[in-house]
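Down below is the structure, laid out as structure tokens.
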Amino acid sequence: MSHRLLFVGPPGAGKGTQAERLAANHGLLHLSTGDLLRAEVKAGSELGKEAEAVMNRGELVSDALVLAIVRSRLQSHSGGWLLDGFPRNLAQAEALDALLSELNQPLQSVLLMELDDDELVQRLLARGRADDNEEVIRHRLSVYREQTAPLINHYEQRGQLKRVVSTGTIEAVAEQITAALA
């Protein structure tokens, strides 16, 4: 499998878990913007401090920063890859389209992982991250839904969107993903 994929969905829908699994099973480069940003925060870099303040408010880190990280990883990689957590809005999707065109690595499919808000809140609280409390989580979900609706429509109109309901076991969701990408 030399897919070039996006994993899209609300925080807590299982994107990271499923992306790691798919990447490991098929030799894909897994780029999780959340993990990359948390690594910057942990390192205490200037970008990390800026990202931490934004994330603690339940807001999103700037497009320019995320796109720069993605560019640096993809330009040195010629195989299959999957992006998890980016793009989150139409402007980011258009910037990513331009980058992928420049790198001659066209996107193949977009996997939308869906789950209801109450289950998402419970999953996120169970993770125990410092930036995860119910108020911040519900705000993040609201921001996510507002910003990603046009993104989802964009990929749906291009015929690239595949939907997966991420309830059930990790294995059951993985089977749905495999079927959706077949």
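For all residues, glycine too, the Cβ spot is worked out from N, Cα and C.
Per Swiss-Prot, these features apply:
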BINDING   GLY12, ALA13, GLY14, LYS15, GLY16, THR17, ARG127, GLY168  ATP binding site
REGION    32-61  region 'NMP'
BINDING   THR33, ARG38, GLU59, LEU60, VAL61, GLY85, PHE86, PRO87, ARG88, GLN92, ARG129, ARG140  AMP binding site
REGION    126-132  region 'LID'
In three-state DSSP terms, the structure that LYS15 (ATP binding site) belongs to: helix
Cβ packing number for LYS15 (ATP binding site), 10 Å threshold: 24
Intrachain C-beta neighbours of THR17 (ATP binding site), sequence separation six or more, cut-off 8 angstroms: ILE170
Rounded Cα separation (Å) that holds between THR33 (AMP binding site) and GLY16 (ATP binding site): 10
Other C-beta atoms that fall within 10 angstroms of the C-beta of PHE86 (AMP binding site): 25
Across the region 'LID' (126-132), average pLDDT on the 0 to 100 scale: 77
Cα-nearest neighbour of GLY12 (ATP binding site) within the listed binding-site residues, VAL61, PHE86, ARG129: ARG129
Rounded to the nearest Å - Cα separation of GLY168 (ATP binding site) and VAL61 (AMP binding site): 31
Spatially closest candidate among GLU59, VAL61, PHE86, ARG88, ARG129, the listed binding-site residues, to GLY16 (ATP binding site) (Cα to Cα): PHE86
Site of maximum Cβ density within 10 Å, from binding-site residues ARG88, ARG127, ARG129: ARG88
Top Cα neighbour of ARG127 (ATP binding site) in the set of binding-site residues GLU59, VAL61, PHE86, ARG88: GLU59
Within the region 'NMP' (32-61), residues counted as helix, strand or coil by DSSP: 22 helix, 1 strand, 7 coil
Other CB atoms within 10 A, centred on THR33 (AMP binding site): 20
Coarse DSSP state, helix versus strand versus coil, of PHE86 (AMP binding site): coil
